[in-house]
Structure formats: structure tokens, C-alpha cells
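*Asks:* I am attaching a structure below and will ask some questions about it afterwards.
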Amino acid sequence: MGLAAPKNKIKLSHDPNNTRWSGNTDSFGHRMMKSQGWTPGEYLGAKDAAHAEFHTEANASHIRVVIKDNTLGLGAKIGSGVGHGECTGLDVFQNLLGRLNGKEEAEIEKEQKGREDLKRAIYAERKWGSIRFVKGGVLIGDKIQDLIDGEKERLKALEIKEKAAESSSEESDSSSDEEEEKSPEPVAEKKKSSKRKREEQEDEEKTSSKKSKKEKKEKKEKKSKKRQSEDEDEKDKSESKKSKKSKKDRKSKSKSTSEAEDETLDESALKARKKEKKEKKRKEKEAAGADTEEASSTSKSSKKSKKDKHKSPSTSKTSTKESTPIVSESSGRSTPMGIRSIRARHIAQKRMASMDVASLNQIFMIKS
């Protein structure tokens, strides 16, 4: 914000390095230690103690307190380098400075390789701990060449020792001729024994190679037998699966045929039921029609009788030309129901209206 920013005034103390307490000789602790025989510059602790030899200048210096003002764990190091606060690209910068100072490329590459090896070792030790590779001997091999060579060297050393012993014995026993004659015999026997050992070793090597070849052949034969047995098992499984499938197909076919037969039977039964229902309905309709015909015939006869009764008053009214309404007397019988009865009633009403003069005059709007 510039000049408009809030101003924070900081006043420096008289002891910015905080060394007054360390230089103060009037404190209670300083005076107590002096009274006990301590002098400035000496180490803390008993001089005759068992661990006095491990005291260093750190025992005489002040204890430095570091305030933890971060969220890192105890002992955590800031930065991704090897040391505390080391930059990651510092080694590249050092190589560049070395080239400017006139160092050779071989020296720079050697230093870079050493730094990389150190980083790898530190990373491996942090992740997996210290690793030590110990030779445990030869585990698998057709020929144990190292052991054979070691045995040969051991036999050579034994021969050299035997020759030295023989020469010393010949010098000591030069006075007696009998001992001189006997002395070469054990040497020859020893030479023969060494040759026999070599021959036995060669035979053992040959037998071991033959055994290894036989074992390989046996392994191959076992593998081929296993493969053949597996193929046979697979064939048997496939045949069993095919037979199971054929059985399932047969069962499904038989089920489908039985279901079709059941369906045909069900359809025939349904058709018979439908026919029976239709016949019942027809019979009911015929009975209802007969009833309606009887009712209509009775209604017609009653209406005819009513018309005959009402003829005499209608003729008298025409002579006098007086319009008087005709009231139909109820017969007291139940009217027939149905479509035909309603139509018959409508026709009867039309006939009655045509026979009545007053109603005709009203229809044709003729004033009497």
C-alpha cells in the first residue's frame, strides 16, 4: 500500500542477542555453583565420574533452546536434499563452477558419481535399513567349478609340503642306505594316491553330469506324461459335457412336446366352454323375446279397449267445438319393459294425438 500502509514501530531492546542472563554472575544459580567449587570455564558434573572422559566443550557451553514453530515431526528435515536445507540443484551448480575453474570432465564426472552414490545409499538406508550382502555358497549348478579349483589348489599345496618333507627326510637319513631305499617308496605311493584322487574326482564329475542329464530326461518324460494325462482328462470332460448337453436337449424336447399337448387340450376345453356360454346366452335371449312379445300383445289389447271407450266423448266435443283435455285412465297394470315396449308406447301416443282434435289444433297452431 506504500505510504498509506499502517506503520508498525519496533523498539530494539538493550540486549538483542539475549546474552545478559549468561553473563550475569549475581544470579542465585551462579553463586550456588561457585560455593560448591565450580569455576567459570569448567565442565558440569563430577570430575571423578565414570563418564567424565566423554565430557566435551558442549558441557561447558550454554544450552540452546530451539522453539518448534512448524507442523513437521520431531527430527524432520526441511528440504529434499541430503542435509538440512540443502537445495536439490546444488550439485549441478557445483559442476558448472568446477568447469569455470578449469576442472577436467573426468574429475567432475567422478564427483557427480560420488554424490549420486551417496544419495542412493542414504535413500536405501532410510527405506530398508542397512543392507549387507553375505556370500552363502553355490546353490544350483551342473558343475561347481569354484569348489573344484579350490580342491586342486589344496592338493597342489599338499604335494609341495610332501616333497619338502621328503627332501628333509633324505638329508637326515643319508647315513643309512636302507632308509634311502625305503624313502622313495612312500613318495611314489603318495603320488599314486594323488593321481587316484584326481581320477576319482574326474569320475565323480562325469557321473554327476550323467546324473544331471538323466534327471533332465526324466523331468521331460514326466512333463510329457502329465501333458498327455491332462489332454485325456480334457477330452473326457468334453465328452461328458456333450453327453450332458444331449440329455438336456432331449429333456427339453420332451418337455416342449408335453407342454404343446397340454396347450392343445386347454384350448379345446376353452372352446367347449365358450360354446356352452354362447348357447346359454341364446336361450336366455329367446326367453326374454317371448316375454316381451306377450307383454306387447297385452298392451295393444288394453290400448284398443281404451280407444273404444274414449271415442264417444271425442265425437260430442267436436260438435260443440270446445277444447277439453283428455285424461287417460291408468289401467293399473305394469307396463312392459324393453325396447319393443317403448316403441309400442310411442306409436300408441302418436295415434292418440292424431285422434284428438284439440291436440291437432295445438300442433298445427289453429285457433278454435
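Numbers here mean position along the shown chain, with the first residue as 1.
Placement of Cβ uses the backbone N, Cα and C atoms for every residue, glycine included.
According to Swiss-Prot, the feature compositional bias 'Polar residues' maps to 15-27, 325-334. According to Swiss-Prot, the compositional bias 'Acidic residues' annotation covers 168-182. Annotation source Swiss-Prot lists compositional bias 'Basic residues' at 209-226, 242-254, 271-283, 301-312. As annotated by Swiss-Prot, compositional bias 'Low complexity' applies to 313-324. What Swiss-Prot records for 25-79 is domain 'G-patch'. Among the features that Swiss-Prot reports, region 'Disordered' is placed at 1-28, 161-339.
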*Asks:* What mean pLDDT does the predicted model reach across the domain 'G-patch' (25-79)?
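*Replies:* The average pLDDT of the model in the domain 'G-patch' (25-79) works out to 82.
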*Asks:* When the compositional bias 'Basic residues' (271-283) is classified with DSSP, how many of its residues are helical, how many are strand and how many are coil?
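*Replies:* Computed counts for the compositional bias 'Basic residues' (271-283) are 13 helix, 0 strand, 0 coil.
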